[in-house]
């Protein structure tokens with residue numbers, strides 16, 4: 001990236017940030033967790049700034065301060081949602097720690113000793129609110145995180161809010177980039193201090209903040225070797241194995257070299273998270289409930305003419321495909337690692 005985004009940050013994003021946050025200090029440094037690695041700022045720009053368009057075109061992150069993408073949803077809070085979101089089921093994760101490490105339940109059979117660190121249940125929205133309020137009243141370590149794709153069970157007012165999103169702007173972005181279809185809008189409601197550990201997605205993402213503030217730390221695809229993802233067949237595929245709170249440098253020595261790109265997003269901000277970029281997301285400490293909606297798009301189709309050398313994200317895709325093919329050919333995901341070690345040791349390292 002990194003030069004381009006860093007240059008933009010140095011040349012003007014600070015002014016945009018001051019302007020966007022002029023009403024008052026919405027958060028302070030005491031609400032951010034401390035980590036061992038350095039970070040650089042992600043640019044904060046107007047959607048009309050040509051530099052913002054350049055960053056998105058180059059698949060580099062940027063915070064857009066004035067898209068009005070989810071303007072009708074800025075009034076959303078727990079009370080409004082409880083009254084209007086309908087009687088569908090919502091996926092709610094509970095954990096005894098602040099970290100919500102994603103896992104794919106369909107892959108749990110590949111690793112018999114795997115134990116998820118959070119539990120998922122399907123409940124009504126009012127049940128989620130009741131559980132949340134009970135936890136807040138009694139205190140303790142238990143935490144909740146609602147993660148649900150918006151679907152046709154929502155009530156009329158939510159539908160009207162959804163139709164009022166700035167689809168004109170985001171559809172133009174989709175068209176200009178040649179992206180595939182919008183695959184989902186994921187609603188995220190988290191407790192203060194919740195953390196989604198570093199992971200990457202295989203889709204383009206406009207991350208729209210609605211309520212509260214979230215800290216977002218991103219890492220480009222070329223830092224793959226610093227972040228040590230789980231194997232493709234593991235339930236935590238695409239997630240980093242490194243515990244950011246207490247890194248094990250003996251197991252993960254390259255983590256010493258990692259450098260993040262950081263921002264804090266508040267209501268109305270939209271963060272572009274490029275496909276294959278790692279992202280670590282945390283609701284600020286003592287910041288109250290956070291509400292976010294993701295806009296996930298399939299990436300652009302592979303060009304007919306491949307340009308060399310390949311980009312970092314293309315190499316990540318190749319590595320994923322190799323792991324998948326070996327798992328299928330061997331008939332046992334547990335044999336993939338030993339075979340790769342046999343291929344590489346003493347020959348390529």
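In case you wondered, yes, glycine gets a Cβ from its N, Cα and C as well.
When Swiss-Prot records 145, 196, 214, 294 as binding 2-oxoglutarate, the matching candidate from 166, 168, 205 it lists for that site is 205. What Swiss-Prot records for the Fe cation site is 199, 201, and among 98, 279, 313 the residue it adds there is 279. Between the CA atoms of residue 321 (substrate binding site) and residue 205 (2-oxoglutarate binding site) there is a gap of 22 Å, rounded to the nearest whole number. Considering only the binding-site residues 145, 199, 205, the residue whose Cα is spatially closest to the Cα of residue 340 (site 'Important for dimer formation') is 199. Spatial neighbours are here defined as Cα atoms within 10 angstroms of one another, and by that definition residue 294 (2-oxoglutarate binding site) has no neighbours among the binding-site residues 152, 199, 201, 203, 239, 279. Of all the binding-site residues listed (152, 201), 201 sits in the most crowded Cβ setting, with the most other Cβ atoms within 10 Å. A gap of 21 Å separates the Cα atoms of residue 152 (substrate binding site) and residue 145 (2-oxoglutarate binding site).
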